[in-house]
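Heads up, the thing below is written out as structure tokens.
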Amino acid sequence: MSKLIDEKKHSFLPERALELNCIRAVDDQTSLESSESDLSDVKKDIESRQTWTGKLDFILSCIGYAVGLGNIWRFPYLCYKNGGGAFLVPYFIFLVLCGMPMFVLELCFGQFGSSGPITLFRISPIFKGIGYGMLIISGIVCIYYNVIITWTLYYLYLSFSNELPWVSCNNFWNSENCIAADRNESTVNVTALLLANVTKVSSTEEFWNNYVLQLTEGIEQLGGIRFELLLTLLIAWIIIFACLFKGVESSGKVVYVSATFPYLVLTILLIRVVNLEGATNGIIYLFKPKWEMLQDSKVWGNAASQLFYSVGAAWGSILTMASYNKFNHPCYRDALMVPVINCFTSLFAGVVVFSIIGFMAHVTGSEIEHVIKSGPGLVFIVYPEAVAKMPLAPLWSVLFFVMILTIGIDSQFGMFECVVSGIIDENPSLRSKKVLFTGALCGLLFFLGIPCVTRSGAYILKLIDNYAASFSLMFLCLLECVVISWIYGDERFSRDVEMMVGHRPHKWFRLCWRYITPGSVVFILVLSMVHYEPLTYDGRYSYPDWSKALGWIIASLSIIPVPICAFFVVLSKRGSLTQRILEAIRPDPMWGPRLHTDRVEYRKSLELVSARFPQRYVSGVEQGSVQSDSSESNTV
């Protein structure tokens, strides 16, 4: 230790003292290399960053982002396939072990740093690539997510008619095996047709595949551009721009409608369909527990992955939305509320969806397992067929697709703002040109989305969806936990949070951040690899090897920045390799609260801890952070 103290003039200063000196230098603006105009620009940039304009803006934006299309078309299907009510047991277990802790971690992290994902990793610059990876994932998903919004807009437009175009078999896109969706009697027994080896296709499925998508035989046959969809894609991006060109100032007002409207529609739909014949059978079919399936590890893996993706951790969007909070905003309440509301929405949507599926099974005389679909097929085939069998079908169709539109737009808000904020916070000169930059980014993503509106677009979309945010997303989540809880130190992070909101995170969350949540992520990764299945489209088309290779390239795009950024950050430091790495691991001098008044308070908290416990900070990594001193637990 004496040798360490003798070298304190070099890079092995106690970390808090070193960081404190750096913060003083930055905050007091004494650097001789900075001109007064530069300092003025920095101060102007810091003060010009937006915050939420209303108390509910943030919470509604988080709910709108977390409640995505997966709650409507993936959760009910997974629940049915993985043991019904028994599936809820692992689902809620992982909510407590992984979902809530990660949401609390990201809200606190984003609010404390008050910056986009890239800039936030000043907390340990060697891991700045995690922030770039988050931006890449969100950007890629933005491309195809807006294509789903495009399909929704197209169906919404077609719903404004006296007769829905997908209900009959008298159109040029129908085949001789078509079954009209507007039949209200069980004149066609689908089960009997299947046993007789006769292939019959509903008019809604033919409308989807043969008219809307005009699907080719495979991804290798690109086909032409569907110009109706291209125009609708342009409209979708114009809507996104109109809602986000002023950042959270504009999107924060849109969510008052877009985040609440889906609940209104789901309630109306439930009241309408719950009394239809067969609806009760559908609900029973969904929640009837099959306890023996809990012995299957795949069920636990599906529950964990669904919860993980539904909460939206490691995308960068939660970090971004939290960064627009006022520094002392009580974020714990929101962090606990949003995952619970998200789970409730999944259950609520499941009841509505299976009421409709039970009704459809009844009127067609088929088994429920022959009716249910997952993914876009549920939204664009099953539901349109169900509304065709109801009175006032166009009205129910309009309500449903407006609901899907608002759900999709809310999720798109979070991902797109993550990309915009991440780039602008890292390049402050763009802040004054944010409207222009937002428009340019919308235009770029529009052009990148054009392949998804070709005749093979559905194959391309599923390829991107399968690889863009799968293994790579969980890898980034694991790294995020390690950086904050192990490298920066959960004890140190807890003091930062206490300085921000007045009290520390519960010990349960700290235990999860260090051990349980990373362990859960590793569990999901391992099970995903064990149960990995080759990609197919609707179970009938197997993707060629070259497309799978392309998919893995897409997956690696968000991981590659991690080692690349680490290399260049270490290269930019001085000293021996060990000194460079330690310097790259330490928080950047600019890490901390964004506003000067908050940084002054932060500096005071550092002075207090550095004076009382200097021996705990050595060589850039907090020592003894696994178990904190009981005497220290309430010092800051």
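The chain as shown is numbered from 1 upward.
In case you wondered, yes, glycine gets a Cβ from its N, Cα and C as well.
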Q) Of the candidates N275, N281, N328, N342, which does TrEMBL annotate as part of the Na(+) site that also includes G64, A66, V67, N71, S310, D410, S411? A) N342
Q. How many Å lie between the Cα of N342 (Na(+) binding site) and the Cα of C178 (disulfide bond)?
A. 38
Q. When you check the transmembrane segment (398-424) against the transmembrane segment (307-324), do you get at least 3 Cβ pairs under 8 Å, counting only pairs 6 or more apart in sequence?
A. yes
Q) So, in DSSP terms, is N342 (Na(+) binding site) helix, strand, or coil? A) helix
Q) Considering only Cβ pairs under 8 Å, which range in 88-109, 229-248, 336-361, 550-571 makes the most contacts with the transmembrane segment (508-530)? A) 88-109
Q) With the Na(+) site defined by G64, A66, V67, N71, S310, N342, D410, S411, which remaining residues of that chain have Cβ atoms positioned within 8 Å of the Cβ centroid? A) I63, Y65, G68, G70, G312, T345, I407
(Q) Using DSSP and collapsing to three states, where does A66 (Na(+) binding site) fall: helix, strand or coil? (A) helix
